[in-house]
Amino acid sequence: MVTICPSILSADFSRLAEELKDVEQKGAGCIHIDMMDGHFVPNLTFGVPVIKALRPVTELPFDAHLMVTNPEAYIDDLADAGVQYVTVHQEACVHLDRVLQQIHEAGMKAGVALNPATPVSTLSCVAGQLDLILIMSVNPGFGGQKFIPYSVEKIRQAKELLQKAGNTEAVIEVDGGINAKTVQLVKDAGATFLVAGSAVFGAADRKTAIASLR
Ligand code: DX5
Ligand code: ZN
């Protein structure tokens, strides 16, 4: 069973509320929100006030992907804004263990994202504490990029890592370049949360796009 998480990075920013309602009606299971600060990645998107404004629009869980330096500065505000999943980048956290504790203390699920060049083994010490591992299958910062094939092996490794840690609850999410051509590869490898930006928001028929990814 997989959950399709449309990334609002590819939505029409002038009509975000309508866009969220639309994908909710068309089968999305979660809303993926890409927070970028222009430092960790060379792009800038939205922050907590926008997330807060969108919270009443849909009942779907919010999955905030923090492509920011100092993610710890936003955790409590994200909890107040009604976010369910907070995913920080391993590369942005000097004190990853502490950040994970902070997310849990704020009452949210904690995820860690890995850039394409970051090995899965960097999560071995915290594997038991994770609710989610996000394997980036593109370099973060932009929608519509080409899927990096070696990500498939990293999904398998993440699955193994969680199994070894006896963590049966955590999910593996994949983000970047997911479309009709790549989706089967990542599902077979063990990803169950599938982020799709351009493949959902850019589709003429979003219902069919979501159903076929699922
Ligand atoms: C990229 C973002 C993604 C992005 C995916 O940094 O994390 O969530 O929106 O876009 P697609 O699905 O178009 O590759
Ligand atoms: Zn993302």
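Positions of Cβ are set from backbone N, Cα and C atoms, glycine also.
What TrEMBL says about this protein:
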type: ACT_SITE; residues: Asp34; note: active site, proton acceptor
type: ACT_SITE; residues: Asp175; note: active site, proton donor
type: BINDING; residues: Ser7, His65, Gly141, Phe142, Gly143, Gly144, Asp175, Gly176, Gly177, Gly197, Ser198; note: substrate binding site
type: BINDING; residues: His32, Asp34, His65, Asp175; note: divalent metal cation binding site
Intrachain C-beta neighbours of Asp175 (active site, proton donor), sequence separation six or more, cut-off 8 angstroms: Ser7, His32, His65, Ala113, Leu134, Ile135, Met136, Ser137, Val138, Pro140, Val195
Inter-residue C-alpha distance, Gly141 (substrate binding site) and Asp34 (active site, proton acceptor) (nearest angstrom): 9
Site of maximum Cβ density within 10 Å, from binding-site residues Ser7, Ser198: Ser7
Span of Ser7, His65, Gly141, Phe142, Gly143, Gly144, Asp175, Gly176, Gly177, Gly197, Ser198 around substrate - largest C-alpha separation, Å: 17
Those recorded positions in His65, Gly141, Gly143, Asp175 whose CB falls under 6 A of ligand 2, listed in sequence order: His65, Asp175
Three-class DSSP secondary structure - Gly141 (substrate binding site): coil
